[in-house]
Every structure is written in structure tokens, then in C-alpha cells.
Amino acid sequence: MQLQKPLKIGLGMMGAGLFGIIFGWVLFPVILKSQLKKEMALSKKTDVRAMWEKIPFALDFKVYMFNYTNVEEIMKGAAPIVKEIGPFHFDEWKEKVDIEDHDEDDTITYKKRDYFYFRPDKSGPGLTGEEVVVMPHLLMLSMATIVNNEKPAMLNMLGKAFNGIFDEPKDIFIRVKVLDLLFRGIIINCARTEFAPKAVCTALKKEGATGMTFEPNNQFRFSLFGMRNGTIDPHVVTVRRGIKNVMDVGKVIAIDGKTEQDVWRDKCNEFEGTDGTVFPPFLTEKDNLESFSDDLCRSFKPWYQKKTSYRGIKTNRYVANIGDFANDPELQCYCDSPDKCPPKGLMDLMKCMKAPMYASLPHYLDSDPQLLKDVKGLSPDANEHGIEIDFEPISGTPMVAKQRVQFNIILLKTDKMDLIKDLPGTMTPLFWIEEGLALNKTFVKMLKNQLFIPKRIVSVVKWLLAGVGFVGLVGSLVYQFKGKMINFALSPSSAQVTKVNPEINQQNQPKDISIIGESQNPPKVDM
């Protein structure tokens, strides 16, 4: 039996609709997910691998310095008064070198290299980097703190060494140009032959003090970031490529061949999370992210905050903080013991950086209120000083990121050294940094073309085909039953008429039917 043409068309439309439903709601999500798994893994010759190896645009690296305005009063025990100066803006270019793939366990090893370029045009109004700031002498205060903690009897000798190395300083503060402190370096005179200066300089060289380079004629040079600029980091990092399981992409599993640190206690020595440059796809609001910071020797676990958008792309915002080590059981292993944790919002970096510094959020945001009371001139603001990352959830791409951290030190007070015997003994800020990322138009367009435009096209087509199928289904049903409905309507047997006989009175005469009232005559209307 041959199908009639209208019925064929209807069935064809129904087939198109069925295809739209199967492809749009079943097959396409599977295909998209499979393709994303391939693209997001760190396999060779993919766009993600290329960007992971060398980020093709500069990150924003901003430094904010704290200038101390009441040095004489601080030396007598007064609370510090600070004024923030910044930002000093640097373009930061990041790349990975000495890259090796290991197919057998789906890992990749690499070293890091960063370059920094000062940008006065992007810095704060009028800032050139040649501004002189007054702040606690990080090197002197660090050495005094370490000696006080380990060999307090040696503080007197250290004071004599300071007189030789730093030319008899009148206080524990330094007056220094910003770029000298950050990158160019300040000279430490270790050419003195007296016992105390020579002993201290020998110890500095032997220990390889953080941020120190050694030049001819016993001249040392100290800076905060100079050793990182253009220098290959010696540490070898091992991460998962994510080819076998894309949810493991970028996950740190070893540094220098060691599968855990030997810095903290217990679980805090574990490497948890990615290396911070790549994240797994298919993020949901319930997912807790993890990334490991080798600068701070710890993992961070940002949590979902709210829905956001960036350049027309829907994103999820995740935020993080330093934490409350004393009251969070998961963080107590960062302390020497649970009863020796720093105040809320502070992290002791001595074991990690070999320097008696503390990390916090800028301006002591989300920290113990006492920290703000001990320093004047700080104004914490969640928008300006928090850690936040906006992710595109399907691909796991960070669209916007602002990672901020402040470095602090205790103004050590001890009677065993005249230079610091009257200091307030409180925590005080030194500087804070912001490392920022915002994908430019080129990479946003690339993401849209590869992910969102195909997704939208399929979304339109699947609904269009589903609509065509519905119309075809209705049309086929109408056509199929049209003849039966017409025949049913025109058939004599389909319309039965019931005969109504007039009511007969007692005289066998039909009753009259009254229309209005009791009279056949219309009522008279008075005018």
C-alpha cells in the first residue's frame, strides 16, 4: 500500500523532529563533553597546552607599598601610622620550560620562568618607581627575629654586626626607592672584617638567604622579586595531563620528585589541587576548587559565591581567604601545635619562606579585628582586597582572576638589642601584591567560537526540528482522520431528530402557547 504524498511529508517532518530531539538533547551533549575532554587535557598540539606552556598575554602584577609616617614614635612604642602608595604596575609574562611528557603515568614535568616589566603608564598617578618609601628594614628585622627565636643570647653580637653592615643605623627602618627594593636590589656591605659583621655575612651566604644575590668584593644584593625576574625556578613540578581523566588535569602530584612536602604537619604537607594555571571542566556550584601555591607552600580551596558574567559569557565567581587556623581543624596542621596558631587571617611563613613573615589579605581583610587596631591607616574592602576568580563553568576557563596577598612582620620588642627594645611588638604590614588576569577580546572570541556559537546553533536547530516534528505529527493526524470526520459529519444516521408533539388538553385540542403575559395583545405603554 502506497502512502499518500501529504502523509509522506508529515512522516518526514516527524522524522526530522525525532532527529532534533535525539541529536540536540542526547547526542550533542555527549559529543560536546567528549570534545571538551580532548581539548582541555594537556595533550600536545592543543590550544590549551600551548596557552598552559606560555601564556600569550601579560598578567597584571601590582605592588602596593606601605609608607610609615611616624618612625620616631614607633621607635618609642607607638602604633604605626601607614599610608598606602601604589599601584606600581608590572607586566608579568609566565612560561614553563624544560617540559617533559610521561605517557606511562599521564604526567608532565616542568620548571617555571617569569619576566617582569615595569609600566609607569599603568601605575598610580605620577608614580615612577623612584619614590622613596620608609618602612621596617625587612632584612634587619628578620635576622633579629630569627636569632631571638633560636639563639637569643646572640642578639648583642647581632647588634654589633648591624652597626658594621648597615653603617650604625639609628632605627630599624629603611629609606629606599621602590624599584630598588622590589627588583634592582639594595647593597648589603659585607666587606667589613670585624668579627661580628663577618660572622653574620658568612651565615647569610651559607644559608642562602631568600632574595639575596652575592656579588664580588663581598657585596650582597637584596630584593623582594629580583631573583625571580627572568630566572628559571630550580624546582621541578609534576602535574597530571588529564588525557586519561580530564578531571585530574593540572593536578600537582610532586615537586622535585617528592609526593608531599616536609614543611608542615600531617595532611597539610599534601599537594592538593592544580598548579593554578589550568582547572578541570564541567564545574558546578557545588564543586570546591583546589589549587596549590608553591610560593606559600599550601593549597587553597576557593568556594562558589555567585553568578557573574564577563564580556557576554556567563561565569561563576569563586572566592578564598587565608583562613582561621586556630578554629578550622583542616588548617591546624599549618601550626606548630593547635594552641600555637596565629590570629585569624594570618599565616606564618617562617617554615615555608625561611623568613619570619606572615601572609594575610590586604589591609587585614577578614582577619582578627585586633590587627586593625594595632595599625592606623588601613581600610579593608572586600571588592578591593579579596581573592576572587570568575570561571566559565563548562570549560573551566578562568576569565577574570585577582589573587591578592599582603606580607607582614612583627615589630619585635626585646631588651637584648638596643635598636628594638622599645618597639610595640605588634604585627605590621609591609606591602601587598595583586596578580590579575582578564582574558582579552581575542581569547574571549576564540572561546565563543569554539564553544558557545556551536552550542547556540544546536540549541536553535534542535527546537526548530522539534517544532517541525510536532507540526508534522499534528498534520499527519489531521490528514489521517480527515476523511472519517467528514463522512461522520455528512452521514444521515449521524443526525437524529426527535419529534415533539404539541400537548393536548382535555378537549383533545392543542394548547396555545403564551408568548408574553397572559394576552396575545402587546401591553400598552403610557407615554
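Quick reminder: no glycine exception, Cβ is built from N, Cα and C everywhere.
Here Cys335 is paired by Swiss-Prot through a disulfide bond, and of Cys341, Cys352 its partner is Cys341. Recorded residues Asn440 (N-linked glycosylation site) and Cys297 (disulfide bond) have their alpha carbons 31 Å apart, per Cα-Cα distance.
Taking the Cα of Asn229 (N-linked glycosylation site) as the reference point, the closest of the recorded positions Asn67, Cys335, Cys341 is Asn67. DSSP assigns Asn440 (N-linked glycosylation site) to coil in the three-state reduction, placing it in neither a helix nor a strand.
When the recorded positions Asn67, Cys268, Cys333 are compared by Cα distance to Cys341 (disulfide bond), the shortest distance belongs to Cys333. Sequence-distant neighbours of Cys335 (disulfide bond) (same chain, 6+ residues apart, CB-CB distance under 8 A): Arg265, Phe325, Ala326, Cys341, Pro342, Asp348. In this structure, the CA atom of Cys297 (disulfide bond) is 28 Å away from the CA atom of Asn67 (N-linked glycosylation site).
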